[in-house]
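Quick notes on the structure that follows.
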Amino acid sequence: MAAPLALADAADPSFAELLALRPHLSLHAMDGLVMEEVPLAHIAREVGTPAWVYSAGALRRRARALKGALSAAGLTATVHFAMKCNDNLSVLKVLAAEGLGADVVSEGELRIARAAGIPASAIVFSGVGKTEDEIRHALAEDIFQINAESAEEIEMISAIAAGMGRTARVALRVNPDVDAKTHAKITTGKSENKFGVAISDAADIYARMASLPGIAPVGVATHIGSQITAGMAAYRAAYARLAELVRDLRVQGLPVERVDCGGGLGIPYRDEPAPTPEALAGAIRATLGDLGLPVMLEPGRWIAGPAGVLLASVVLQKRGAAHRFVVVDAAMNDLLRPAMYEAWHGIVPLSAARAASPLSPAEVVGPICETGDTFARGRLLPELVTGDTVAFLDAGAYGAVMSSTYNARPLAAEVLVDGARFAVVRERQSYEELLHGQRLPEWLTT
Ligand code: LLP
């Protein structure tokens, strides 16, 4: 151990501590890092790197834990997976089999959800800028609920639905003006954020909804932010305001059938306090329970985040003037979160021998031509050589979905592990596909 240097990162959890909290991952002397029953080195060899790998078992376990916590709290609840965090068809299929619906934010997501076999009657459509075409598509599919985010959007939905001879089931998304104390880029429930309608305007807008053709008001919704780890205070404050609003609406004789509680439950990437589904269920029960209404949840990260890893190979180790650089074949175009939110992701070598070797600080970087393409700074890692492989942990949410082809790097493959089986569930993009769709105008071809 390079003890004096290690002090800078003394608070980082060890490999063993990281794995202890992720029961679908374990480190074996011979097989190295194993997901369920499949050695990840085997997948890296067969499929190549970079590659996203998801544990079906972890997805199921987490979906069940969340549903279990809600029903143990005596709540009638439906869970709509926020598929913006992972829209892989096989992942959705696993979650659909657990009875989860989908929270979608685009026609693309709606189509993928339907392709995964999620019934329209379990789909809710959120988002601050649904286009007319998207609303029309959602109405044609007769989805369960549209969450409207503005007075203007409600007029739009009414006109489109009435024109189609349909009735849109609409919930009003309310901005409760609470601070979820998360990263500024993913906080959504403060009055200065673009989401929802101000709580002070909500009752009037709801009454307007009830008066419009083509709209059936079905309830209220909120979502205060993502990666919430600062306890239940913000949730409680938001839900208490929602409960008060529902009571007002009832006094006015307006129909309220359900409350959509949003998503946002955080996960411990490093060693953050981990709010539990039980705590969330308790907060819902305490604030909204008296209303006697069914509730909906839109969790994404809590279900899928810990279930996935990103495998990468070491291209080379480079001794810089100030640092040891571990250059891997994954980059910010694959896993954007460290560059975008300064996010911390655990990095574990796939080889048990490497994991047990002396550690010293390293900068873990991708090959992209900007300094922001850095996954970790001063991270304690063993000496790594060309061809070694590592796993970036908690990459199952906001991983593959946020990737791009920046630097003309093809999109990585996605793999599903289920017990002792694994399958490629999304092929690595080919170089032909990378060029697909590009055309030269006639005047450049002569
Ligand atoms: N419902 C709505 C309306 C949302 O906007 C979101 C996430 C969710 C549910 C799901 O939130 P979750 O349970 O996953 O926290 N790219 C960022 C996260 C962006 C979240 C956007 N909205 C990241 O990588 O941290």
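Heads up, the Cβ atoms here are built off N, Cα and C, so glycines get one too.
Just so you know, TrEMBL annotations are computer predictions that nobody has curated.
According to TrEMBL, the active site, proton donor annotation covers CYS369. Under DSSP, CYS369 (active site, proton donor) is assigned to coil, being neither helix nor strand in the three-state scheme.
Residues annotated as pyridoxal 5'-phosphate binding site in TrEMBL: GLY264, GLU298, PRO299, GLY300, ARG301, TYR398. Following the DSSP three-state reduction, the secondary structure of ARG301 (pyridoxal 5'-phosphate binding site) is helix.
TrEMBL lists ARG301, ARG337, TYR341, GLU370, TYR398 with the feature substrate binding site. Other Cβ atoms within 10 Å of the Cβ of ARG301 (pyridoxal 5'-phosphate binding site) number 25 in total over all chains.
Residues annotated as domain 'Orn/DAP/Arg decarboxylase 2 N-terminal' in TrEMBL: 59-304.
Feature annotation from TrEMBL assigns N6-(pyridoxal phosphate)lysine to LYS84. According to DSSP, LYS84 (N6-(pyridoxal phosphate)lysine) sits in a coil region rather than a helix or strand.
Cβ neighbour count for PRO299 (pyridoxal 5'-phosphate binding site): 27 (other Cβ atoms within 10 Å of its Cβ, all protein chains included). Spatial neighbours are here defined as Cα atoms within 10 angstroms of one another, and by that definition LYS84 (N6-(pyridoxal phosphate)lysine) has no neighbours among the binding-site residues GLY264, ARG337, GLU370. Following the DSSP three-state reduction, the secondary structure of ARG337 (substrate binding site) is helix. Reported as a whole number, the C-alpha separation between GLY300 (pyridoxal 5'-phosphate binding site) and ARG337 (substrate binding site) equals 15 Å.
Those residues of the chain, other than GLY264, GLU298, PRO299, GLY300, ARG301, TYR398, with a C-beta within 8 angstroms of the mean position of the pyridoxal 5'-phosphate site C-beta atoms are ALA82, LYS84, CYS85, SER226, GLY263, LEU265, TRP302, ILE303, ALA397. The secondary structure of TYR398 (pyridoxal 5'-phosphate binding site), as reduced to three states from DSSP, is coil rather than helix or strand. Cα of TYR398 (pyridoxal 5'-phosphate binding site) to Cα of CYS369 (active site, proton donor): a span of 22 Å.
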